[in-house]
Amino acid sequence: MTKPATQNTNRIAKNTLFLYVRMLLTMGVSFYTVRVVLETLGVVDYGLYNVVGGVVVMFSFLSSTLATASQRFFAYELGRGDHVQLQKTFSMTLSIYILVGVAIFLVAETVGLWFLNNKMNIPLGRTDSVFWVYQFSVFSFIMTMFAVPYNAAIIAHEDMKVYAYVSVVEALLKLAIVYLLVLFSSDKLKLYAVLLFGVTTATSLIYQIYCRRKYSECRYTPYWNKKLFSEIATYSGWNLIGALASALNNQGLNIVLNMFFGPTVNAARAVAYQINTAVNQFVQNFLVASRPQITKYYAQKDITKMLHLVFQTSKFSFLLLSLISIPVLIETRFILEIWLAKVPDHTILFTKLVLINTLIDCFSYPLMAAAQATGNIKRYQLIVGGVMTLNLPIAYVLLSTGLAPETVFFCSIANSIVCLALRLLILRQMLDLQIGVFITKVLLVSVACFALSYYTPMLITQNMSDGIVRFLVVGSLSVITTALSAYSLGLTSIEKETLSSQIKLRFSKM
């Protein structure tokens with residue numbers, strides 16, 4: 001491995017480590033706060049907050065589109081080493097965000113408010129509280145959106161340690177929210193929305209202040225360039241299809257569940273996604289650290305290294321997620337029962353299905369990054385985004401026939417498999433990606449590792465009664481079998497040598 005490649009690998013590993021520190025902090029606080037908030041608010045109010053906030057998050061397809069564009073253009077200019085153009089790009093991006101923020105606010109206060117009052121399944125007596133939850137959710141969303149260009153700059157610079165530091169502050173503030181919810185006897189649903197808005201505002205301001213002091217390009221100066229706007233708008237415009245499809249698959253399905261089954265099912269889905277978010281961070285941290293390198297390799301016209309990193313990231317992402325998801329899949333009931341005072345109906349199956357869907361999506365995340373890096377995403381988004389968008393109407397039709405709420409999750413799993421196949425076909429034409437190599441070196445190897453890792457701990461559950469002892473045994477065996485199968489089957493000889501040398505290097509410094 002060449003010196004620059006080794007440095008890039010080390011940088012990815014270092015940034016991943018910082019992000020894992022962040023994950024451990026946020027995950028610990030998140031699990032504790034969800035337990036207390038669910039118990040304090042109750043299942044119905046917790047479900048209401050989740051689905052009402054989801055109406056606002058539906059608008060995230062606009063901000064997420066611009067976020068992807070920001071990360072791509074920032075990383076691309078850094079890869080070229082053009083800091084003057086980088087500063088212009090940042091100012092241009094922030095100008096666009098201001099315009100989009102105003103537009104989202106107007107739509108949220110008209111169309112969004114109408115939908116909330118006329119289409120949502122809201123229990124009697126909670127209309128006023130839901131109105132204020134919606135308003136503060138809108139304010140929180142706007143604050144988060146204005147922080148996105150600064151977050152994109154941090155990711156493009158691969159300066160991940162700042163996330164760990166800010167997460168300490170965020171974790172402490174969220175713990176304070178839990179304390180205040182228990183302390184005050186006023187309408188806890190409204191209080192929860194107000195306090196979360198305060199946390200969002202504080203963390204957004206911290207990111208902005210840090211970036212302005214750390215990176216010269218993040219000092220905003222009014223700037224408008226028609227050509228640059230056209231490039232960003234064209235890229236974002238086609239990317240909008242995929243972002244809208246993602247929003248429909250996430251919050252759209254949540255709203256559909258509310259329309260058919262009410263806030264109790266929304267609470268179950270919220271808990272399932274809380275677990276999925278915590279588990280998925282094991283992968284997202286690695287992906288966030290890898291994405292800038294994928295874009296920079298493309299900017300440097302080094303497609304071979306780019307695809308090599310894409311293949312590695314797909315495989316390692318799946319193996320990392322398997323490490324934590326296998327014990328959760330096997331011991332879902334036990335984990336939920338010791339975590340929550342009362343487990344909402346459907347939560348156990350929801351959790352299993354969401355985790356399976358995320359495991360499948362692990363293979364797709366680096367493929368998405370590769371497509372985004374090229375900037376030529378029109379065909380990609382029309383095909384993949386179009387298929388993703390079909391998920392919501394199909395789920396709606398199936399639920400209309402009287403099927404169970406779990407149906408929407410089975411639809412999502414099938415949709416993810418189809419989209420994975422489409423991404424491979426498109427990238428074969430865009431970047432000459434070898435599908436056969438991806439299937440044999442990534443897909444089959446990863447699935448074989450998962451099957452071997454799952455089999456042994458699953459046998460334990462057939463011969464032991466559930467409880468803390470079985471949970472510890474299953475968890476330990478899952479980690480051991482996943483690590484062994486990943487090393488023996490999942491890693492190539494070169495990857496094994498690199499891993500061994502890195503371990504020896506770390507021990508030599510101790």
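Including glycine, each Cβ sits where the backbone N, Cα and C put it.
What TrEMBL records for 12-34 (among others) is transmembrane segment.
The annotation transmembrane segment is assigned in TrEMBL to 46-69 (among others).
The feature transmembrane segment is assigned by TrEMBL to 90-116 (among others). Using a Cβ-Cβ cut-off under 8 Å and counting only residues 6 or more beyond its ends in the same chain, the transmembrane segment (90-116) has close neighbours at 52, 55-56, 58-59, 62-63, 66, 69-70, 73-74, 122, 130-131, 134, 138, 141-142, 145-146, 148-149, 152-153, 217-218, 220-225, 228-229, 232-233.
Under the heading transmembrane segment, TrEMBL lists 131-150 (among others).
The annotation transmembrane segment is assigned in TrEMBL to 162-185 (among others).
Same-chain residues lying 6 or more positions outside the transmembrane segment (191-210) and placing a CB less than 8 Å from one of its CB atoms are 37, 41, 49, 132-133, 135-137, 139-140, 143-144, 146-147, 150-151, 154, 162, 166, 169-170, 173-174, 176-177, 180-181, 184. Under the heading transmembrane segment, TrEMBL lists 191-210 (among others).
The transmembrane segment annotation in TrEMBL covers 316-336 (among others).
What TrEMBL records for 348-368 (among others) is transmembrane segment.
The transmembrane segment annotation in TrEMBL covers 380-401 (among others).
What TrEMBL records for 407-426 (among others) is transmembrane segment.
If you look up TrEMBL, you'll see 438-456 (among others) marked as transmembrane segment.
Taken from TrEMBL, the feature transmembrane segment covers 468-489 (among others).
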Residue numbers, six or more beyond the limits of the transmembrane segment (348-368), whose CB comes under 8 Å of its CB atoms: 268-269, 271-273, 275-276, 279-280, 283, 287, 290, 294, 309-311, 313-314, 317-318, 321-322, 325, 328-329, 332-333, 336, 405-406, 409-410, 412-413, 416-417, 419-420, 423-424, 427, 442-443, 446, 450
